[in-house]
Amino acid sequence: MVLEAAIKNQLNQYLQLMEGNVQLKVSAGSDQLSKDLLAFIDEIASLSSQITVEKASLPRTPSFSVNRPGEDTGITFAGIPLGHEFTSLVLALLQVSGRAPKVDQGVIDQIKKISGEYHFETYVSLSCHNCPDVIQALNVMSLLNPNISNTMIDGASFKEEAESKNIMAVPAVYLNGEFFNGGRISLEEILAKLGSAPDSSALSNKDPFDVLVVGGGPSGASAAIYTARKGLRTGVVAERFGGQIQETLGIDNFISVKHTEGPKLAASLEEHVKDYDVDVMNLQRAKDIKKNDLFEVELESGAVLKSKAVILSTGARWRNVNVPGEQEFKNKGVAYCPHCDGPLFEGKDVAVIGGGNSGIEAAIDLAGIVKHVTVLEFMPELKADEVLQKRLYSLPNVTVLKNVQTKEINGTDKVTGITCVDRATQDETHIELQGVFVQIGLVPNTDWLEGTVERTRVGEIIVDKYGATSVPGLYAAGDCTNSPYKQIIISMGSGATAALGAFDYLIRN
Ligand SMILES: Cc1cc2nc3c(=O)[nH]c(=O)nc-3n(C[C@H](O)[C@H](O)[C@H](O)COP(=O)(O)OP(=O)(O)OC[C@H]3O[C@@H](n4cnc5c(N)ncnc54)[C@H](O)[C@@H]3O)c2cc1C
């Protein structure tokens, strides 16, 4: 295996940043993949005299671990970490060599304090854009705590193993042999799931904010920057900073940036917000809001934050199709992210529920990977743009069923088919397939506001042109509002509007 010249050049530059020696222990056999892995390792080792290689016997072949000389770190890669996982390997090499991971000191202390044995096995696909963050988070934990280890397992290289565990969505994390988590999860979220969350009682003791932003997506970040720039004491409380863009692969319509990736934009948003004196309280979910002299926002943890004005920017989440089998087979054939999970259905038959833009984009994307795609649209016509429909109908391995209602997703321990009903004739059809991608839009994250603020029939918060809601001092922005279009640039603009609206409210009251 030969690395492309550009990648090799880039890797060479990164390896110059190594601060100490690294020992790679390689378990290889005589199969072709082992030969490719050995060639890959040799090529990496040839770029730095600080990397040594030794043969070893590891639980999986081919695989290799990344260690300090004489001290195993618990970081192992099973398969060849190319594609999106190449960055995970580069970071592992640098961090094992001594370069400090970019993690807050509080989080480092939390990891070091964890007691007990935690052995993670994380199944990935090399084209999954959510997987590297999970691998990198678990690798940092392995590096900092000798009781923790993590093995990245390329599902395509260890197909039988992945199939025996019925893994149909990645990343799929197993802890000590038991399923731990499916999908993207941040380092802080992993720690919280292990019961090692930071003490939240300190939150209640915070002085009241001038403006508290609830939600840390593009709209919340924009609102926080605007209020902080007005000199207002600003806090952001977010269940997961970054919001939906954390799930987005390529972004080509964020004006002035020709192309970026969701997690990269999320990191830039956080960096920009933290450039100001904004108190970011991540991994905290708001569950109630009351207005007395001040607004009081109650969090799931029990803490209560006070503020003179509040901007709601809680965004939206995937809409479920709500048929029998959907919950039962989530990650066992039912998927929501074609970019992440598409490769796991290579050569298989799948359905896409939803004929809007996202459904048809997903169907076109999947048609290049899977054997056959059936699109199920509830309405008599597809709602996707004409150009997407044209492309879809030009594909040989796609069937479109219109005016059909999904009745059930069938399976035993994983998806085996889908049952739908023709809405005109009531005829029932059963299609045998292995995967179902649900692409029927988004629901606003506003259930917790029931009875507190005026919302539309579908739960969107109603705002005026200043971002003001029906409650004085309570503003809203982004995808959680009745804004007709849900886009990053629009949510950022509405965040700025709500921030200026809130500023205006505060100077008048
Ligand atoms: C797969 C996908 C691809 C997309 N691609 C594009 C694209 O290419 N271009 C584009 O312009 N747009 C795209 N979008 C749309 C875009 O991501 C959204 O319009 C945008 O993220 C909305 O920003 P927001 O801040 O309003 O909400 P979100 O991004 O949804 O952020 C909401 C925030 O609120 C937090 N939150 C929710 N509930 C609570 C609670 N109770 N308490 C505390 N915090 C809470 C969340 O954790 C999150 O931090 C895409 C969306 C998806 C899902």
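The backbone N, Cα and C atoms fix where each Cβ goes, and this holds for glycine too.
Per TrEMBL, FAD binding site is recorded for 210-225, 469-479. Mapped onto three states, the DSSP output places Ala477 (FAD binding site) in coil. There are 35 other CB atoms within 10 A of the CB of Ala477 (FAD binding site), with all protein chains counted.
Around the Cβ of Ile353 (NAD(+) binding site), 25 further Cβ atoms fall within 10 Å across all displayed protein chains. Look at TrEMBL and you will find 349-363 tagged as NAD(+) binding site.
Annotation comment: TrEMBL describes Cys337-Cys340 as disulfide bond. Around the Cβ of Cys337 (disulfide bond), the number of neighbouring Cβ atoms within 10 Å comes to 21.
According to TrEMBL, the feature domain 'Thioredoxin-like fold' maps to 124-193.
Residues annotated as domain 'FAD/NAD(P)-binding' in TrEMBL: 209-488.
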Which Cβ among the binding-site residues (Asn357, Thr469) has the fewest C-beta neighbours inside 10 Å? Asn357
Out of Asp210, Val214, Pro218, Cys337, Thr469, which recorded positions lie by ligand 1, with a C-beta less than 6 Å from some atom of it? Val214, Pro218
Model confidence over the domain 'FAD/NAD(P)-binding' (209-488), as mean pLDDT, sits at 94
Could you give the Cα-Cα distance between Thr469 (FAD binding site) and Asn357 (NAD(+) binding site), in whole Å? 30
What residues, ordered by sequence, lie under 8 A Cβ-to-Cβ from Gly359 (NAD(+) binding site) and sit at least six positions away in the same chain? Val352, Ile353, Val375, Glu377, Ala384, Gln439, Ile440
Asn357 (NAD(+) binding site) - helix vs strand vs coil (DSSP): helix
Between Ala477 (FAD binding site) and Asn357 (NAD(+) binding site), find the distance joining the two CA atoms and give it rounded to the nearest Å. 23
Within a 10 Å radius of its Cβ, which of these binding-site residues (Val214, Ala351, Ala363) has the fewest neighbouring Cβ atoms? Ala351
